[in-house]
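Novice: Reproduced below are the annotations present in TrEMBL:
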type     : residues : note
TRANSMEM : 59-80    : transmembrane segment
DOMAIN   : 95-199   : domain 'VWFA'
Amino acid sequence: MIADFHFLRPWWLLALLPALLLAWGIRQRTDGALPWRGIVAEHLVPYLVTKGGQLTTRWPLRLLLAGWISAILVLAGPAWKREPSLFADDVAALAVVVKVSPSMQTEDLPPNRMARSVQKVHDLLSRRGAAKSALIAYAGSAHVVMPATSDAGIIDIFAAPLEPGIMPQEGDSAAEALKLADTVLAGAGGGSILWITDGIAPEQAAELAKWRKSSHTPVKLLAPLGESPELKALRDAADTMEAQVVMLSADDSDIAVLERAAKFSAPAPGNEDARWKESGYALLPLLALMLLPFFRKGWMPTIAARL
């Protein structure tokens, strides 16, 4: 995100100062009119200079200057995305956020969407070993069913009876549930969210977009849906949330995807040891192309002679 843009090694930007001196030197050394300035009237100077020679000399030096600046930017380490911790396997917390609504009782996925979702939660947590997981349920309001714990069995016990009748009110408070998940994960040192829902209320769009702007927590959305009109609306909403949609499958392919994602932790807010992904390496191919002409045989001596 643009708001997170920064340089990991900003002191390298000081090396741009010599680049500015080089730029000034290029202008002075390649200014064929320089010897005439102050001697001949300024409006006559252009007629005394052969422009072709200046252009031939200037463009390689400008290319060198552009390469210098690009190299400094790479060394400064521009970054704006979090990078998964190399040591996060099997320790990153996971907040499971489940929508508990009448639509989740639909039997297009036998026995119904809710039962299949609870079974997937069991399958996923059984693979996570002692990693911490939490369970949050929502409808018209959001509630922590079980805070972060390494005991997957107790989450199974509390997830099994989830059904619309036990929720205080009907509705869709998805944004509130995700905020609650963020709070739970912050207490567990950071992690990711598994969001299980078969739909998102249109009135939640603005609140979800607002939450996404303020949160860096990775989200995977497990959709307990068959091929239905609801799926497109769910994908569109997930796109605005930067959330990957994983379709609930008959085999364990969905669990494999979710397990890999859940192994990596998003640092909790205020964590000074958070890893950032360096993005300056993307400039290296461009830098190589800019420097390629300097390896032509006899090219550099010719340019040096012109200076």
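Our numbering is plain: 1 for the first residue shown, then up by one each step along the chain.
Glycine too: its Cβ is placed from the backbone N, Cα and C atoms.
Since this is a predicted model, take the numbers as computed values, not measurements.
Have a look at these and tell me how they're positioned relative to everything else.
Specialist: Beyond the transmembrane segment (59-80), the same-chain residues lying 6 or more positions past its ends with a Cβ under 8 Å from any Cβ of the stretch are 1-2, 4-10, 12-13, 15-16, 19, 22-23, 26, 30, 276-281, 283-284, 286-287, 290-291, 293-294, 299, 303.
Across the domain 'VWFA' (95-199), DSSP classifies residues as 44 helix, 26 strand, 35 coil.
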